[in-house]
Amino acid sequence: MDEAPAPAMAKLKVAGAWSGTLEVALDACTVQMLRAEVAHRSNGGCDPTRINLICGGKVLRDGDSTLLQLGLKNNGKVLATLMADARNAMEVEQEAKKAKDQEDHANKLTRIWEAAKSMAKRHSDGSFPLNDYNIELEDQNGKKVMFGSESDRRALMMGLMLHANAKGLLKKENYKDALDVLTMAEEAFSLCDEKFLQLIDNVPMLQLDMVWCYFMLKDISCLTVAGTRLARTRKGFQSSHGKDSTRFRALQAGRHADLAIYLRLELLEGVVAYHNGDFEKAQESISSAQIKFNQLQVPDEALSLLMSMGYKERSAKRALRLTGQDVQSAVGLLVEEREKKTRRIEENLQRRDEIMEQKRYGKTPNNKAVDMEKLKELASIGFERYLVAEALRINENDMEKALDVLTDPEKNCALQSTMESKRKRSTQTTDVALFPAALLDQAVPTTSNLQQGGPSSAPPAPDLQQQQLVENLLPPPPHVEEARDAEMEDELANELRGDALADYDIDVTKEGEALSEYATLLSSVLGHQL
């Protein structure tokens, strides 16, 4: 009888308690056997039970599985640590898990950054849609914001998407991860023209969120940088909101929707001043924040009145907080938001139909979609839409070149002939499924989440006030060859489903607790009650 072939040998590089290379049969060697060999070769030899083996961030445990079954490969690296007792073995395992968690976290941050970067590029340079949604920048009146620079648009979109993702983590009280994503958002915003950023409050809101993370993590080591960030926040709000929030209030028809963010700002300014030993400044800030906190408490009578009108408790509380507890103004806000939701649905249907039409026209040679605004402009002159679309498509949306093709009889005739030939060659049509309309919720409206805008009587505002991202539901995308992280992109897109005033509608319960804590501390220092 033929003998069974000898197992193939592989090399393992060992470091730690013993360093060197071992040749083993991965499909025959077990963890116990590897541990015994490392223990034998270590300085003077030792008890194998004191050897701990780690590979790929995982502790290798005894069992019947071979090294091959455990995933070890030729030229694999193994860390061998020498344990003093069983307690040390547990510590090593915890360290291995911590290292693995850190690696996973770093990998996820990279995925978030790359996904935001990819989405911002596609949705800012006119690339053909790949997703079942479209992302656009709007001002507080729901109008599209156009940039002279594509790089500014891309940087702003990227920053807004990352900030939205971080705010989702803040809601889950995952402050450490939120701080990491906020840092990436800050980097993205830094790529945008500073003159433009001064007109919006997204960046100061970002700074405020970062300091809030420091506070919730109780990271005193960030005290100095916290003070710097708060100074930038106040300066940014003054620039975008106007002195004493006059510009902001005008956009909000006199409403005090920004009260909660200034409460948080003054609280944090007081905390920083307290830990810097400036107790008078701390007292001033804490006292001012306390007044705003009291103003944000919803009276039972006003809440009951709104609920008796048919409004839900959550919506009623929100409206009262954002309008300074003014019942009449709160009702006006609720009616206004309901009307805007209805208008959003109608706009979404129109935009969906437009995207479906856009997809029928196909891609330009550089994989861009046909510019629908230019198509509308040329079609208004009297040219057939399908001819205009094809003229734009073959000329990379160059309007002058497209117009030349359309107005030149010979070129126009050739274009029609080419399209007729394509039509005859087409043997099948693609049925496009219709998706139910989705509400185009405003997302990432950190500037002055006024995306929804004020009532019709509100003074007109500059187009570049509060910026936000809006997600629209589109028909199914065509076949895509480009590789992308669809899972992470969808996660980022889902975070954009907010509303214009979401950033200002803060649950100030934690702020109230902090105010009580620091009022007590200051009272003991200054010798009197705040």
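In case you wondered, yes, glycine gets a Cβ from its N, Cα and C as well.
Summarising the annotation, TrEMBL assigns coiled coil to 82-109.
The domain 'Ubiquitin-like' (30-82) scores a mean pLDDT of 85 in the predicted structure. Positions annotated as domain 'Ubiquitin-like' by TrEMBL: 30-82.
TrEMBL lists 297-337 (among others) with the feature domain 'UBA'. When the domain 'UBA' (297-337) is classified with DSSP, helix, strand and coil residues number 30 helix, 0 strand, 11 coil.
Annotation comment: TrEMBL describes 369-409 (among others) as domain 'UBA'.
Each residue of the domain 'UBA' (369-409) gets a DSSP state, and the totals for helix, strand and coil are 28 helix, 1 strand, 12 coil.
For the domain 'Ubiquitin-like' (30-82), the DSSP counts in helix, strand and coil order read 14 helix, 16 strand, 23 coil.
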